[in-house]
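Under the heading GTP binding site, TrEMBL lists 108-115, 190-194, 256-259. Residues annotated as domain 'SRP54-type proteins GTP-binding' in TrEMBL: 277-290.
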Amino acid sequence: MGFLQRLKDGLKKTKEGFVDKVTNIFTGRTNIDDELFEELEEVLIQADVGVKTTFTLIDKLKDDVEKEEITEPEELMQYFQKELKSLLQNDEGGFNFDKDLNIIMVVGVNGAGKTTTIAKIAGRYKDQDKKVMLAAGDTFRAGAIEQLQIWGDRLGVNVIAQQEGSDAAAVAYDAVQSARAKGVDLLIVDTAGRLHTQTNLMEELKKVKRVIDREAAEIKAGVEVLLVLDATTGQNAISQAKLFNDAVNVDGIALTKLDGTAKGGIVIAVKNELQIPIKLIGVGEAAEDLQNFDPDEFIEALFSSEE
């Protein structure tokens, strides 16, 4: 099964809970009026598009109606899809690895799917004959190191680890040194899942990032911070992302569990409000269900009339 079909299947809840309602607004009337925009506004906000992004979209559609002299609601729906694509554009899905050693520091709250996302990324690049290494920087949660080591064994990749409770920055330091010595192409550093409101843990995260940046600069390695967000947490994901971004300058987002929500509007809110590229989206448990984000493909899957 190709990813477009996987995407269509994974977005089924969003299609039923969001897109079908939007479609009914445009197809269930004969003229464009204030009531149409009010109904659309309500559906968008309910779908976790967010107030700010909703108002942006409504304003753009009103401009389209005026400039293009649109009178038919169904024609306006085509413009709605176009405006959604426009909001999601300029996202380069996936990663641009152009250094001898490339480092991804993975951050996020517990339960967002950090460890499985790391494993899926590692598996993908190992399949592309890249030399991959993992660093067990989550020294806080019981069983986290063992969990990453199990994935390492399954994938056949080295895992750099210390004891539970040890200094996460020291793990990161060791991992960069080891990756350099062993000619690794991709090092993925796990970090302790933390609530964005836990100030002491956010400070630790900054320390890990400083160590990685310092060591990477010496050997001219590339560094990216990937924030893993759970799509089912809705608008809370936005506030999480803002605080993580303030702490460590997030370069990209992996939005997981999109198959578990009827409110897929969060994709649009994340991109528009944060202006951080969505690198990856996850629509299921299988390794193939985590893919580079493609705005055109995403909108096509959402509005496709096929099952």
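Glycine is no exception: its Cβ is also placed from the backbone N, Cα and C atoms.
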**Request:** Would you mind checking how many other C-beta atoms are within 10 angstroms of the C-beta on GLY111 (GTP binding site)?
**Result:** 13
**Under 8 Å by Cβ from LYS114 (GTP binding site), counting only residues of that chain that are 6 or more apart** = VAL106, VAL107, GLY108, ASP190, GLY193, VAL228
**Complete:** Simplified DSSP label at GLY108 (GTP binding site) comes out coil
**Asked** If you run through the domain 'SRP54-type proteins GTP-binding' (277-290) with DSSP, how many residues end up as helix, strand and coil?
**Response** 3 helix, 6 strand, 5 coil
**Fill in**
In chain order, residues whose C-beta lies under 8 angstroms from the C-beta of LEU258 (GTP binding site), counting only those at least six residues away in the same chain, are GLY10, LEU11, THR14, ALA231, GLY264, VAL267, ILE281, GLY282, VAL283
**Asked** How would DSSP class THR191 (GTP binding site) in three states?
**Response** coil
